[in-house]
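Colleague: So TrEMBL says this about it:
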type	residues	note
DOMAIN	16-268	domain 'Nodulin-like'
DOMAIN	333-550	domain 'NFD4 C-terminal'
TRANSMEM	18-39	transmembrane segment
TRANSMEM	81-100	transmembrane segment
TRANSMEM	147-170	transmembrane segment
TRANSMEM	182-204	transmembrane segment
TRANSMEM	216-238	transmembrane segment
TRANSMEM	250-269	transmembrane segment
TRANSMEM	338-356	transmembrane segment
TRANSMEM	368-386	transmembrane segment
TRANSMEM	407-426	transmembrane segment
TRANSMEM	432-454	transmembrane segment
TRANSMEM	524-543	transmembrane segment
Amino acid sequence: MAAAARAFAAHVLRGRWFMAYGSFLIMSAAGATYIFAVYSKDIKATLGYTQEQLNTVGFFKDVGANVGIHAGLIAEVAPPWLVLAIGAAMNLGGYLMLYLSVAGVVRARPPLWLVCIYIAVGANSQAFANTGALVTCVKNFPESRGVILGLLKGFVGLSGAIFTQLYLAFYGGGGGDTRPLILLVGWLPAAVSVAFLGTIRIIRSPRSPVAARREYRAFCGFLYVSLALAAYLMVVIILQKRFLFTRAEFGVSAAVVLAMLLVPFTVVLREEAALFKSTLEAQSVVTVATKPRTPAQEPAAVVERPAATLMSRVVRALRPPPLGDDYTILQALVSVDMLLLFTATVFGMGGTLTAIDNMGQIGESLGYPQRSIATFVSLISIWNYLGRVASGFASEALLARYRLPRPLVLAVVLLLTVPGHLLISFGVPGSLYVTSVIIGFCFGAAQPLILASVSELFGLRYYSTLYNLCGTASPVGSYVLNVRVAGRMYDREAARQGGGHAVASASGKRLVTCIGVRCYKESFLVITAVTVAAAAVTLVLAWRTRGFYAGDVYARFKEEEEVVVAGQSRNGVAAS
């Protein structure tokens, strides 16, 4: 009995489902960049920054979080555990230095460029976590990529609310001092990644038809648990807004969150138990049957081809294969479809990132109290999660039943963000609660749609790099719309208002805070216009790829699995 228990434990730890569970936990701690609005005010006050300078810090945060081409290239030649280890070291080092700077431990106030480097390095760990865990999961579950992307990105969306609860439990809210939160986002994600270094790896395991049906049911189990966690966080946030919690009550709330993160492990045990049983049964069949010997195959004759000219090699290297086949990195770079998707991401996601990064200052300019601003950030986090899982599952169902292209669903999501931008622009009283829901949901919904489209249109062979290549679009949009548009217009309006709202920062520098609807009105009208343009570009992509999505986009993987499963059935080995 003890031997069987040890064998089962080893089977669980080596299985795909425990790998998926480890990825969920890594992702639930990999979204620290989404709570920048909570502690950005302390960075601004402590270091004496203007709004444009603070937006520059936010831009470098977005650059670090989204520019991960180097992480993808490393993942092409290195195992996932090394990618995660590099990310953990960067997370700890970057955010620890940022905390020491903001907390005043470092005597000399660091220059702006150095603070930007600190937060860029810390945030760049998110790209390594995504590459090491998320891309590995997509490769392990290729026929459920929309679902797995929705779930994994959903846990990233929940991480902001999770971090907020843990911060309140560990530090009791800090009396409004959010600097300890920077320390928390420095050590916690690094610890989680290190804990699962040996778990996250490529597990090539073709599925039998029975296993395929169980796979979807298992993902639904993960979905139900995550929905319960999101609902609990929503209720807790509302209660914390209405009532004054003690530190002990914050601790109980955080303990419930941690317990709910352990519940998906029961799904892992259920699925791995079924696979373990089928493996034992298959092994008993192998002991009875005699495996037929297969004659050695003669090596294929080498056919000599005439040497190609340099020009023909270049043309062949740049000529794209059919959609759905494995593109090389160069072929994807020069693809019109990638250009359209990249452009839509720049201006569509750049606008929502601007709203998320400036939510603290938007609330302050419209007269919301600090507790409400923290509520906005938590609402964005939760609805970010709901958008990700909803678009992941819904787009997969629409694709399977109606052959609806994912880029078409993405265009609809981008258009849904327009009301949120307009509510910020016109400063409708009390509307930031609704705006937080709209922005959070749409930002989350767009993520799995973009990433799934990349994997479907350009293949999985170089997905680690192409995934991160498409991710660089967000910081480009953030720089244009956040720093150059929103930040400058905010400072210009603050200067126009004069010294009526001047405050002294911790560094002794006199800061001017903009108050009123005009602070963000013009900038978000611009963002609204470019978001509509991004939706139009996405519609062009949907039109170009309609023929590809009209067929079975997973036919290639199904054919490969049928061949492997048939071979395993002849040899008496169970497919998982």
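Don't overthink the numbers, they just go from 1 along the chain as shown.
Cβ from N, Cα, C; glycine included.
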Colleague: Going along the chain, which residues at least six beyond the ends of the transmembrane segment (147-170) come within the CB cut-off of under 8 Å?
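Modeller: That would be 20, 23-25, 27-32, 34-35, 38, 133-134, 137-138, 141, 178, 180-181, 184-185, 188, 216, 219, 222-223, 226, 229-230, 233, 236-237, 240, 245, 247, 250-251, 253-255, 257, 261, 374, 377-378, 380-393, 396, 440, 444, 447-448, 451-452.
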Colleague: Are there residues at least 6 beyond the ends of the transmembrane segment (81-100) whose Cβ is under 8 Å from a Cβ of it, and what are they?
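Modeller: Result: 26, 32, 64, 71, 74-75, 106, 115, 118-129, 131-133, 179, 182-183, 185-187, 189-191, 193-194, 196-198, 200-201.
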Colleague: So what pLDDT does the domain 'Nodulin-like' (16-268) average out to?
Modeller: 88
